[in-house]
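For reference, TrEMBL has these:
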TRANSMEM  A:42-65  transmembrane segment
TRANSMEM  A:72-90  transmembrane segment
TRANSMEM  A:102-128  transmembrane segment
TRANSMEM  A:135-156  transmembrane segment
TRANSMEM  A:168-189  transmembrane segment
TRANSMEM  A:219-238  transmembrane segment
TRANSMEM  A:258-286  transmembrane segment
TRANSMEM  A:293-317  transmembrane segment
């Protein structure tokens, strides 16, 4: 029991479960899942589906944060990759052709990779502070996306593209499988190779790592590149959901949600130790919150305030210091009893 | 001629003990500061000087002991408590607001108030008066940032005088000043001394100690060595006291210094004229298989700088390096590691351990970095290596999953040694591997170094403790003032010779050496 309580995933998971329970109490239909035409429907399924872009972005953000960095440009990269992919499809004579769609996705993601490499170059080679380096693209990226779409919101009709975010496979949303694939790939690369522990070493003590022979530059560079690729895929999923490339709205504020998800999952912003599982829980927590707002019909004007309050509560629940203070207070208030055994 | 009669103590520290997890930073140290006296605190790095100062200025709480200021026992819970008791500090890095004016800095928190809030005119006049008291004439409305460090320090001192301090602590104030500025600072210090202020001065420059101070206290390894009137303590004796004589238990370690070294073939490493402008004057070093080359010299003598250049931790801008007779370009640590050269830094915490990783992860970090991220050590291999080195070096606790930051300094050092030994180096550079660690761990590490060199490993060994160097190394490179001033064989050298060699007058050898 004590072991479970001490586990670092305990409080993040509790926070997520508490949210689900509260939602269910407010409206029991929250946890109901129905089957129509062999496909599952329900609020929880929506969460699995809608969380996919944030999941991809957060996984990339986690790796970057582990190196003591931060990537503010992920939202802008999403906008660029979506714009690239949709422009290719819109300009193609056969938008419903699977080949066209695959090319569009590939090019969109490759462009994102280049943007990630650019970020990594600024941070790892030039030595610009991560927050400044990625701020450049955060601001400039949407301009690039607008340039690609010619200033319009490009819309398309393409069944294969639409399938990405809206299709179903064996009863579950395809986007969920994309999430799973990303989680598994990131976990395998980080934990099955030594990349994870070397990344943590660089994040915890860059100078000691350098002297120990760790190729810190490559590791940091790679982290930003990975973040770029993942944001690129997220941009594809996002545009597939609305079938339009909106350079201004795509991935708006997602960098902030991603940072929040990573931190809720127990990775320190100071860099170092990270957990993939924690980030996954963090993403689901945030997505559950967002659907709570919709589900409870919170007026859109107060939605940000609602979100803020709940986030503060979640963070407080996870705060070790606060829990310690509460425990102490409880002990002080309890009538004094002679202490016998344990 | 003990000077007890002349001055009355203003601040007295008795039996000060401070413990950090796993380390006793100070162990029952006494310090007495008298009015009208300049008192210098001496000791090598890790001796506990800065910890003692931080206890006096309220930065660290003390675990045992008493602090009495002007007859009143005090407990400092923070720096403001110490200031309220009349103790002010001027740090090496000036802690003032460089974006405010000189006058604002001097008077911060003590501005002259008029009927409409702060009366700036009077405030500046007051600041001017305080500065002039120290013989400084500058425009008090100019920005502090516009002035040199030297002037900023004087501003910091006059700020201390505004708060009417009885004790002024100067923590390495001269380290970034030139000679003229030092003279000006010393003028100010003498003026304050004559006004009855007790001054605690910390420096690494021996000449300055003898120039300005009346009395000194020597610390070593967190313990008090003694308090001496400066006039009664010659230089060589002071150095000997700072560096210390060791316990008999070390005599048990085989005196590897006398071992014959075969210097027939190519050395493991040969550096010719290696140097870097402003850091180290060109120096020659070579190390043969199975040889331990000691580097002796006081802190700041260039010993660390020399080995950092050898390892590529810093880039040399002069000289050539050969590894086993083949020219080698070593401009970053990877180059050195690829040539099987290992380096353990003197700054264990900042440049050695990766604190939040486990002992096991820290041990395999070196091998893993060498193999690259993709060729991860298999769990079984990793466990075997970790187990082997924990046993061989006696790491305590012998738990591979403990976070390394929770280990004592000595055990952290053993883990770092393990990290490098696991990479099978042909040359290992150890910068102060025994600093600030307990006697047992120190003996373990010395024994291990002697054993490894007997098996053929080349070692460069830096230590502030000259006995250690003389015992372990066959050859000793002596450094002073960022220059190599000579080489001794330990076979016919003892600690006294070495001290004498280091302590020879600084100026005499200055010119001929620069030709080399």
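Glycine is treated like the rest: Cβ placed from N, Cα and C.
Here the transmembrane segment (A:168-189) has Cβ contacts under 8 Å with residues 35, 38-40, 45, 48-52, 55-56, 59, 63, 195, 226, 230, 233, 237, 241, 276, 280 of the same chain, all six or more residues outside its ends. Same-chain neighbours of the transmembrane segment (A:102-128): 69, 71, 73, 77, 80-82, 84-86, 88-89, 92, 134, 136-137, 141, 161, 164, 216-218, 220-229, 231-233, 235-236, counting only residues six or more beyond its ends whose CB sits under 8 Å from a CB of the stretch. Tertiary proximity for the transmembrane segment (A:258-286) is limited to same-chain residues at least six positions away from its ends with a CB under 8 Å from its CB atoms, namely 8-9, 12-13, 15-16, 19, 47, 51, 54-55, 57-63, 65-70, 74, 183, 186-187, 190-191, 196, 199-200, 203-204, 311, 314-315, 318. Sequence-distant contacts of the transmembrane segment (A:72-90) (same chain, at least 6 residues past either end, Cβ-Cβ under 8 Å): 53, 57, 60-61, 100-101, 103-105, 107-109, 111-112, 115-116, 119, 131, 134-142, 144-146, 148-149, 154-156, 158, 161, 227-228, 231-236, 238-239, 244-248, 250-255, 258.
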